[in-house]
Amino acid sequence: MIISKITCIGAGYVGGPTMSVVAQQNPDIQITIVDVNAARIAAWNGEDLDQLPIYEPGLKEVVAEARGRNLFFSTDVDKAIDEADMIFISVNTPTKTYGKGKGQAADLKFIELCARQIASVAKTDKIVVEKSTLPVRTAEALKSILDNTGNGVNFHILSNPEFLAEGTAIQDLQNPDRVLIGGENPEAIEALVKVYEAWIPRERIITTNLWSSELSKLVANAFLAQRVSSINSISELCEVTGADVNEVAHAIGMDSRIGSKFLKASVGFGGSCFQKDILNLVYIARSYNLHAVADYWEQVILMNDHQKQRFAEKIIQTLYNTVNGKQITFLGWAFKKDTNDTRESAAIYVADYLLNEEASIVVYDPKVSAEQVYKDLDSLGTRSPEDNRRLVTVVNNPYAACRETHAIAVLTEWDEFKGYDWQKIKEDMKRPSFVFDGRKILDRQSLEALGFKYYAIGE
Ligand code: NAD
Ligand code: UGA
């Protein structure tokens, strides 16, 4: 099978960067990324590459190279399906907010809509690739929909989960640890292997059965998140024993069986996937009556919730047990540095906790808009949109954000925070001047020398 045209449904954080790199590396394949969100497609097609809908280091250069050559963005989903030999489904699979499995299971309505649309439009054989993260055995349901509602053409389903992390997406895509392809039909698998072989050594492309591939994605995220919760649990123990969590992480990480990556204690992990995918894993385990397995993984989420709450409580307790009417400045709102994504960001939950105590919060994030901050808080439904706007101010200057403030809380590890003129910040702040470093990026010694009261997770 020779692939000359690929369509990707979903122009989001995965579909956009992933297919841009596939297009960059395969100039002979025509790639069309489609989405029902017309504003998002317009932004992908916009002239100003600094206004792409997603901020990722290195992304605009890749788009500049491939767009208009063999990379296209469109809202015409039917046409793109009709023309493609291979269709990637990269739509969102959020946690269900209604019905059976509410709060845990993955909502597969967008996936099913894609399958039905592909089935009704396709007039030639297609390879359908699951790029979204899906519960194990989703390919079975997809196959049933495609075969029973289609026009008698053949569909081969592959699972090809994505392992990129936001903020380093382009680097991860260009030089991945591995690519995983699960499937049943050897020719379909080989066709997708060829696409990746354009830039990835064959030995890093793993092929498995469909179910191993689907499950491996959930398990990879569960293991990564588990490391963060494990070190965060130890951070609390460090705070009461005089141990330093960075030193502990360094000491255990030097053991090559443990490894040093992903052991950074923090205010808690965020992002659209860790929590969603673990909840999904927990739901799947429970649905097979594997309650010990479900309880084991659920603990990773409970620990993460505890860490966010603990950070907020530390602020309240340190500010003499009341933050009512006090200004607290948030440096950072994104769930990690180098992204404008705020989904499930720890900042949202820490803010919510402090707002319940009637704190007044000023937010500065280099890449997140005021509109997004309010949207995130409104979506919690804890208080009215008017109250969120009364209590929270978003500014685009960090020094203005810190002026006359009682305390600064670092919620995202943006590099620029380290280089600020902390002396100037100190001069303009209320006294005592508190800094709560939820990311452990600032230097205790120099801040204390300037007269700050400095608290960092795990010290
Ligand atoms: P996203 O919300 O940024 O993008 C999904 C896009 O799909 C949206 O723009 C939406 O409008 C579009 N869409 C939904 N239904 C559609 C339809 N029927 N037709 C056309 N377009 C449709 O989501 P994302 O972050 O890109 O995640 C996509 C999937 O990839 C999820 O399953 C996620 O778990 C997985 N994933 C995400 C990451 C990440 O870092 N964000 C990494 C690996 C895997
Ligand atoms: C994560 C995985 O790393 C990707 O492999 C996966 O493809 C992706 O989820 C997904 O399926 O969506 P991402 O969420 O983009 O990627 O970013 P990470 O770098 O994993 O960070 C997740 C969260 O954990 C962030 O809030 C980060 O600050 C936090 N974290 C990470 C820590 O607190 N400590 C660490 O040591 C590492």
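Heads up, the Cβ atoms here are built off N, Cα and C, so glycines get one too.
Nobody curates TrEMBL annotations by hand; they come from automatic prediction.
Over in TrEMBL, the protein carries these features:
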ACT_SITE  C273  active site, nucleophile
BINDING   10-15, D35, R40, 91-95, 132-133, E166, 273-276, R343  NAD(+) binding site
BINDING   162-166, 217-221, R257, 264-270, 335-336, R439  substrate binding site
DOMAIN    329-444  domain 'UDP-glucose/GDP-mannose dehydrogenase C-terminal'
Within the same chain, the residues at least 6 apart in sequence whose Cβ is under 8 angstroms from that of A165 (substrate binding site) are D172
From G10, N92, C273, Q275 (recorded positions), the ones whose CA sits within 10 A of N221 (substrate binding site) are C273, Q275
Taking G10, E166, F335 as the binding-site residues, the residues having C-beta under 6 A from ligand 2 are E166, F335
CA pair E166 (NAD(+) binding site) / F335 (substrate binding site), Å rounded to integer, equals 10
Restricting the recorded positions D35, C273, Q275 to those with Cβ under 6 angstroms from ligand 1 leaves D35, C273
For N92 (NAD(+) binding site), the closest of the binding-site residues by C-alpha position, picking from E162, L218, G268, F335, is E162
Within 10 angstroms of the C-beta of G10 (NAD(+) binding site), the count of other C-beta atoms across all shown chains comes to 26
Cβ atoms other than its own within 10 Å of the Cβ of D35 (NAD(+) binding site), all chains, total 23
One should report the C-alpha separation between G268 (substrate binding site) and Q275 (NAD(+) binding site), rounded to whole angstrom, as 11
Same-chain residues at least 6 apart in sequence with Cβ under 8 Å of the Cβ of F335 (substrate binding site), in sequence order, are E166, F269, G270, G271, D341, T342, R343, E344, S345, A346, A347, T412
